[in-house]
Every structure is written in structure tokens, then in C-alpha cells.
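As recorded in TrEMBL, the features of this protein are as follows:
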DOMAIN    B:26-474  domain 'Amidase'
ACT_SITE  B:LYS79  active site, charge relay system
ACT_SITE  B:SER157  active site, charge relay system
ACT_SITE  B:SER181  active site, acyl-ester intermediate
Amino acid sequence: MLDLTYTAPKPKVIQGAKDDWELVIGMEIHAQVSSNAKLFSGASTAVGAEPNSNVSFVDAAMPGMLPVINEFCVEQAVRTGLGLKAAINLRSAFDRKNYFYPDLPQGYQISQLYHPIVGEGEVIVEMGPGVARHVRIERIHLEQDAGKSIHDMDPTQSFVDFNRTGVALMEIVSRPDIRGPEEAAAYVVKLRQILRYLGTCDGNMQNGNLRADVNVSVCRPGQYEKYQATGDFSHLGTRCEIKNMNSMRFIQAAIDYEARRQIAIVEDGGSVTQETRLYDPDKNETRSMRSKEEAHDYRYFPDPDLLPLEIEQAWVDDIAARMPELPDAKKARFMGDFGLTDYDANVLTAELEAASFFEAVALGRDGKQAANWVINELFGRLNKEGLAIGESPVSAGQLGGILDLMQKGEISGKMAKDLFEILWTEGGDPAEVAAAKGMKQVTDMGAIEAAVDAIIAANPDQVEKAKANPKLAGWFVGQVIKASGGKANPAAVNDLVAKKLGM
Amino acid sequence: MSKSLNSLTIAEARDGLRKGEFTASELTGACLTAIDGADALGAFVHKTPDIAREQATAADARLAKGDAPDLCGIPLGIKDLFCTKGVPGQAASNILAGFLPEYESTVTSKLFGAGAVMLGKLNMDEFAMGSSNESSCYGPAVNPWRSDDRELTPGGSSGGSASAVAADLCLGATGTDTGGSIRQPAAFTGIVGLKPTYGRVSRWGIVAYASSLDQAGPMAKTVRDTAIFLQAMAGHDAKDSTSADIPVPDFEAALTGDIRGKKIGIPREYRADGMPAEIAALWAKGADMLRDAGAEIVDISLPHTQYALPAYYVIAPAEASSNLARYDGVRYGHRAKLSQGDGITEMYEKTRAEGFGAEVKRRIMIGTYVLSAGFYDAYYNRARKVRALIKRDFDQVFAGGVDAILTPTTPSAAFGLGEMASADPVQMYLNDVFTVTVNLAGLPGISVPVGLDSQGLPLGLQLIGRPWEEAALLNHAYVLEKAAGFVAKPGKWW
């Protein structure tokens, strides 16, 4: 297997009015665990249900109700941890985070502050061929999602929908290793890709199934390296947390705005206040939500309704043994086994379904050719139609069949594209359709030779020119193929023309 | 039969029902009549005669078929802390006014599944916070025992349960015990009350006070009844993560009366300063009884005992402050009338100010304080460490071969209603001094009536057992009960 090694990208530098500044970014990603039931109740997690229809007595925090851990959610968190090459904590525990809000029926969120289920891991975030940031993961913990408050249904009342209450989230906390807005977005893209490969989060950002809290601070060049050497945060600037971002584009814009805001404050001789901020995409600015002083005192303490969560190494090993191939490994394999370029390997591994499609096409065939066809013909056509790979009218088997016909010399590249088009709209078996449509490239050397001779005889001037300038031989090839109705095998024609012209 | 049906023990009633000497309907009718005549006791806060008669009829059918578990046809009272489907339940708090549970607690579901009959809901301290039943939104329950015509507390928080059993309004009652709430009222009313090992009985469907300490248990007239009753309540429940998946032995079969060679520990730290002579004498008498039955009495040390009460009054309020956050006026129960312009904060503040009583507010505030940033380590974390040390004290004693520990249940007999009204709240908390250690260590404990004080009021002794060994504990209690021969009943004045 090809081992991919990377050099670190340069940090983004922003020029302030006076100085150069670097960014230091850490992220907390809230990823909804893919699970049919909630973290501590049997209620459904299905989206789009009538408000308050997926609510158990536990979710509604009725008196005397007790939480019971959903084992599958734990398995998903472990799988995620393994996918991020992280330490799995065989003993973790749940804590209560106490605050009042109508969408939080218990008056506390069950989370894991003191003993998270997953410890330190790593995500490799590629920023170009051979260039990548290693972002360290500090921890992953399981916690409950809140419900949804609705303030715009009535002028005097608010409403609340508990369908989402108690749904399992994984909070994936990174170290402050991200050094620019683009890296931040690329980190989310990569994390999302891994989660989708693992099947532990669907990554749907529109639905809020993946959202990010972004911690941003700025520092003078050289300071970050001091922090890295010592682990001492005092080398870094004061950070602000931008809450609840669910778009790659907004994440970048918000970080850029926030960094410039902080730089302006510091260059003006002020100091940044540690606070929570919200990004307003309409105005492209961040606004203070609450300061450190106004911050809630969450009064975390171990949830007495739940015993510490103890899992066995054998169970973890069993999950590890059933891990799918992850993006980095798949990319390396595609490059090694199929000879793909870095770019093509990235494109083909971005989504698991596309990678699997490609692999089905490439299996036993020319990998590079398969990659070209999947990326250019198939993806191009899918994009044009706005279709997902799973909705492709042409299956991997059909596309493979087209490539086989080409490989055997039965159809030309031009014919293959036509055949692809027919299969896209009408379907069918590639070989049968090609036969029915009379798509067969002529490889009868006698017939081709006759055609070549005829064209040479009819164009003595061109023959002279071509003899002087061999590049013009292509004109004869074209004429022969045209005369054959496009069916003559171009390679055979090429050889014959060269021979006849004495080249 | 000379005894009225409602004054039977569970064991007597079980046997009588099976022999066909009377029906469950007759037995239930006798209890309902007794209840209707006992409003002065304030024990039943919500009577369910229709449910009772229906269940009694069903029980009679089961008895006729010969398919009758021990509790079939036995009329019980249910502490208001248990959610029973379709029957109002409000944990004696105004904040749950009008709350009608749509589910049945695991305990009551097991009891009714065994054919038990529900007579109604019983009075208690609000959210089980109190030792005198005076913090109830219904007003206090009253002890059927009196002295000099003084109205006495039945204890708390399971005061209604204790009063109802002692006054023969029911054959047994469910209680819950977070710091002594089964054992102290049992002692004050001359009945038996058992707090099982933490995890023995499911907490599902019981309104939570302090989750790591709460445990439901039986309150009954005799040790045998307590064993029969516990049998029906106990067992693993997948709906309660803290419920233990441990087999439930036959508790009644364990009542052999033979404790020869057993070691009974007398903890020297429980000889609190100022212990009334009567209590000390009763304790010594109890030790003698067990010695006479062939047990060995040994002096033991539980060195961290003095820290138990402070640790308890940090941990329990901390958990309560969080457990009671759900009573916010949003989904059920009381919601304050709001003024123009009031927002969500005002709704919370007014609802909770109106809905909770003074003692509940006090504990919510204490609990919020001890969990707050900057105080967490000094209070909550330290209390947890103390708790671990208290548990270790017991572990070491049991590892040293001690089979059970004998202590007084309470520092005094029942006190007068209202007597503590102007006292420092800590005076009230001192009622729990002998009982909280058991909750902190998660152990089983039982109070057995052993004698009367000089005013003719019942006094109880507590036996503490090894974890999961309620069977052995009940057998020790059975021996103590037989030796004490406590048969006194309160004179009927209500």
C-alpha cells in the first residue's frame, strides 16, 4: 500500500494596519449520531415527523422517568473514535449540565464532561497534493440534543417541539491546530467525509445534523510555535467562540471576519473579551451573544441516574474488526493499485458511494481509464442533471461493459460516448445495445486497407504534403474513419496510413 | 375472628383469603371504612375506593382459581411519590397540582400484578424532603399515637404511610427512603420499615428526590409482612440503569429465627452526645435480646459517622436541585399566572416560587450553591469523598465478619407537630443522624419496634445488613421482633 506523507501548510497570515497576524482555530463539531432511537429513550429520531410526535415520557422529563443508554449510540461513538485513530476509554461517565430553557425538559443536558468515551485522536486535513494539516482531536463525548423553540408562530406565545430532544450527539473537540479559514472548512469537510464513511453521522448540515462551534483567536507570527512547544495557552490571544455554524462557506466568512475584528481591537490597544458570538450571514459579521461574566454556571455533576459506562476491550476489538476502509486508506490504495493521480483519487474517494461505484467499474479493467470515465462522463452528466451517484441511470456494470467493448476494440471512444448516452436514456446491456445500433468498429484489415488506398489515390496533393510533414497523416486517418461511417478502428487505420505513406 | 379485618397482618390476611375465611372485597371494604373514619390522621390524601373494589373483585377471582400470589387481595396504601396511572400524584407538592401520570411505576405495577389492592395515595413530606410530614402541601399527616393529647408527627417523609399502617387503615404501605424516610416514621409509629439495598427496587416511576440515595421499600406491621411485601417489590428493572440484576431470594423463607453464631456490631460512634437515657437503654436491651438468641455482640467502629449528616445534606440537595429543575411550568403541573410583558424567566421564577414549599426551596438553593463554580470541590466533591469513606467503614466492618449492625433508629420518640416550626432546620435534620449513613453506603436497613418510652410512645431499633442480604437482615429483625414482643397499638382517638 502506498503511504501518503505530507508537509504542513503555511498558516494563513492576515495583514493588520500595523502587523502581520496569524489565526489559531479550534473546533467543536456536534454530529448527530446515526441511530433509529434517541440516546436515552426508545423514541424515534426520524426527521419530518409532526411536532412532538417522537417524544417518550423520558424525553418529556415526566416525573420519575429514568434514562437508559442506547447501546447502539455507544457503538457509533466508539466506531467514530476508532475512525479518528483515537483512544477509546473503556470507562466513561455521564454528567448533567444544568440550565433552564423550555426546549430542555429535564432542566439539564446529559453529557460527558469529566470522563468522555473517546480520548485523543487525529484528522489529516489535506490542503493540496502532499500538503496536509494534522489536526489533533482532544476528545469525543456523547450528549443529548435539545428540542426546538419556535417563537414566530404567535405574537405572544412561544412553542416548543421535543422531537429532537434527547437525540444523540457526538461532540468532537479539536485542539487549536487549525490555522486559517480554509483549513477550518477543509477540516469540517474531512471530518464529515470520515463520519459518512463510518456511517456514524449522515453529515446533513442543512438539517443541523452536523454543526460547528468555532473558537478563534489571533497571535503574532512565532507565538503559535511557542504554544506548541510548551502547551502554554498564554502565548495565544484571547479566543471567542462562534456558535452553531452549519455551512462551510459561513464558517470561512465568520472566521475571517472574527479574526479581522480581533486584530483591529488589539492593534487599537484594546483587548479581546472572551465571549460567545453568533455569526450573521446577512450582514457578514459576528455579534456578542454572552460574555464570560454572563456565561451560565452549568453546575456539572455526575448523573446519579446512570452508572459509569463500562465497555469491554473485546467489544471494541469487534467493532474495530468490522471497520470500513476509511478515506485516507482508500485514497492511498486507489493511487497505488489503480495508478490514479492525487487529484483523481481525491475526487473519487470524496463520497463512499462514488468510490464504490468507481471500484466496481475499475475492477479488472484499466483503472485510469475507469477513473476518467467515472469523473468526466458519469460525474459530468450527474452534475448536469443534479443527480446523486445513487440515482445514476447507468450502473457500474453498464459502464464497465462500455469500457470492455472499447478495450476489445469493438467500439471506438466516440462510439463509447454515444453508447453511454443511449444507456443513460434508454438503458440496456451495453453489448446488446451496441450490436442493435450497429455500433461496431471495423477491424477487417482488408476493408480498411481498401479505404486507405482509395483516399490516398484520390488525394495525391495531400500525399505529397504529408510526406513532407508527417503530422498531416492524421488527415488521412480522419478521412478513412469518416468514410467508414466512424466504424473503422482508429488504431488500425493509423498504422495502415503510416505504412502506406511510407512513414 | 375477633380482630377486625383491617387490623390483620399481611400474612394473616393472605392465609385467611386462601382458606376462604373472608374475601378480598370484604377485607378491602373494612379498610375503606377505616380510612373514611380516619380523615383526622391526614394519611390518605387521595382515596381510590373504586379502583380498590375493582382490584379486590379481580383478586377474589384469582383466589377462587387458586392462582393467588402472596399479595393477592391485600389492600395497600401508596406513597404519593409513586406514579400510578390515571390517579393524581403530586409528591405532596403544589407544583404538581393536577398532574395525572399516564404511566405506572415499576413498583406499583409489580404490586398490582401480584393482585394487591390500591386504597389510595398517602401523605408525605413535599418531594420526600422532611422528617415530620409537615412540608406536605396537603398539611401534615398525624401520628395515631398520642401523649397527653398532644398531636404528634408520624415522622417523615413517609409519614402518611406510617400513620396509615399503624392505624390499621391498610395492611401495608409503600415508602421511600432517601435519608431515613421509611425507618424514622416506622420507628415513630411502632411499625416495621425496611430500606432495601440501593438497586434492589426499581426507581422507575417514583418521583426523584436524590437519585443516588432514593430507594423504595415496604412499611408493614410485622417483619414477616415486610418480607412478603419486599418480595413483591424487588427485582431487576431494565428501565432503571441503577437497578441491579441480582436474583431475589425468598425473603419469608429466610425467617428461621435462628441467628446463633451471628456477629452483631454495636458502632461506638453512634453513642451520640446527649443521647436520651431511654434510647441508650433500649439499644442495650436490643443487644441483649440478640445475644440471648445466640448472637455474638461486638463493639465496632465506623469512624467517619460524624461526617455522614453534613455529607448527606450536601449530596441530597445537590441531586435534588437538578432533579427538580423539570418542574418549570412548561409541560405539566402548576404554571403561574403571568403579567403583561413577563417572559420565560418570570414564568420560571413565579411558577417555582408559588409551586415549591419552603423546605424544598431551601434544599434547591443549598444544592445549587454546592454545585456552583468555585464551590463544587469544597462541598460536592468533598461530600462524595466522605461518602466513599463511610462506605469503606461499613465494608471493613462486614469484611471483619460482622453480620449486622444494631443502632437506634431515631434519637427520640415522635415529637409534637409544630414543635420544630421555629427551630433551626438543622434540628430537624438531626432526626436522620442514625439513618443517613445507610443511604450513603447503599446498604439495607430495617427499623423494628422494640419498646415504648416513658410517655408510652413507640421506639425502634435499626438493624443494618450487608449489601443484597436483606434475607439475613430480615431474619435478624425477626428475632429482635419476637424477643421484644412489641404488641402495643395506639388507642383510637380519631
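Glycine is no exception: its Cβ is also placed from the backbone N, Cα and C atoms.
What TrEMBL says about a protein is an automatic prediction, not a curated fact.
Because the structure is a prediction, the values reported are computed rather than measured.
Annotated features, which come from TrEMBL, shown on the structure.
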| residue | record | Cβ neighbours (10 Å) |
| --- | --- | --- |
| B:LYS79 | active site, charge relay system | 32 |
| B:SER157 | active site, charge relay system | 36 |
| B:SER181 | active site, acyl-ester intermediate | 37 |
Requested in this report: For the domain 'Amidase' (B:26-474), would you mind checking the mean pLDDT of the predicted model?
Outcome: 97
Query raised in the report: Between B:SER157 (active site, charge relay system) and B:LYS79 (active site, charge relay system), how far is it from one CA atom to the other, in Å?
Result: 10
Report task. Could you state the whole-number distance in Å separating the C-alpha atoms of B:LYS79 (active site, charge relay system) and B:SER181 (active site, acyl-ester intermediate)? Result -> 11
**Report entry** Three-state secondary structure, which DSSP defines for B:SER181 (active site, acyl-ester intermediate)
**Finding:** coil
